[in-house]
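According to TrEMBL, the protein carries these features:
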- K64: ATP binding site (BINDING)
- 35-296: domain 'Protein kinase' (DOMAIN)
- 245-264: region 'Disordered' (REGION)
Amino acid sequence: MPVPAVPPPAWEGLRVPERRLRPVPASLPAMLGPYRIDGWIGAGGSAEVLAARDSRDGRRVALKRLRPAEGPDAADRRRRFLQEATIAARLLHPDLLRVHEAGRAADGSDYLAMDDIAGGDLGKALPPGRPLPLPTVLHLGARIARALDHAHRHGVLHRDLKPANLLIDPARNLLKLADFGLARLDGADTTRTGTALGSLDTQAPELLAGAPVDARSDLYSLGALLFLMLDGALPHAGLPLPERLRARAGGPPPRLRSPQPGCPQALETLVRHCLAPQPDDRPDHAAAVAEALERLQPGRAPER
């Protein structure tokens, strides 16, 4: 499914720094499976990301390598890491990061070969403390919602939607929802340890509380992202953590602190709908959120 060309306003306000690869640490081998390592992109948690090239066909990829570890949680971390490849095999959408294959290198480390998105993540591209222009918010929000809808229709819940897991490259009109390491196959019997594994600032109250989750939990996270892009700060920003968690779990959905000129009331209502503490008070599915955002996009003819 090709991504249509988009005019510049769809990415206005984002500042994506040029990626500079760091030297490969001497502790790493020159090859991981069939992939020749070109540089070090970054690290987080128990994994690191490397720029590489497939020696079989020359394709550029990003390698996510699980650092070897021992301890009581090592097996669980490896299971979650490899689950990302299993889940990715069920999903094929232009705005979901594709995992091409999983492998185990000669040094015993596991790796995933993924699309290489050279732009960076949304968190680094957002202007600090400032909102994005409305066309950008509507464009990105609708695409994220469509990607979530595809995952949900294939039985996959992301459970960790946040700016760092959205990779963008405006020059190529690319947006990719990444990192399904905490995802869950809908209906699977998996551990509920949201506070330990996920992101406090964007996760739904029920996930943090260890309660049952469904697709509407991802919609809460989408609402938090939309709020951030529209307001320049996350919901309840500035409150101490205990107060922030209480407000999210039982208080009314927050209002935008400084709505920008021209922000439709329907948009703020949609965001607050997504941020409802109770899942039953949120939209039923991601497609409904995508459709609402698309109807508000500039140049879109009003429905009769």
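Here, residue 1 is simply the first one shown, and the rest follow in order.
From the backbone N, Cα and C atoms, a Cβ is placed for every residue, glycine too.
Taking Cβ-Cβ distances under 8 Å and a sequence separation of 6 or more, the neighbours of the residue listed as 'ATP binding site' in its chain are A47, E48, V49, F81, E84, Y111, L112, M114.
In the predicted model, the domain 'Protein kinase' (35-296) has a mean pLDDT of 89. Taking DSSP states H, G and I as helix and E and B as strand, the region 'Disordered' (245-264) has 6 helix, 0 strand, 14 coil.
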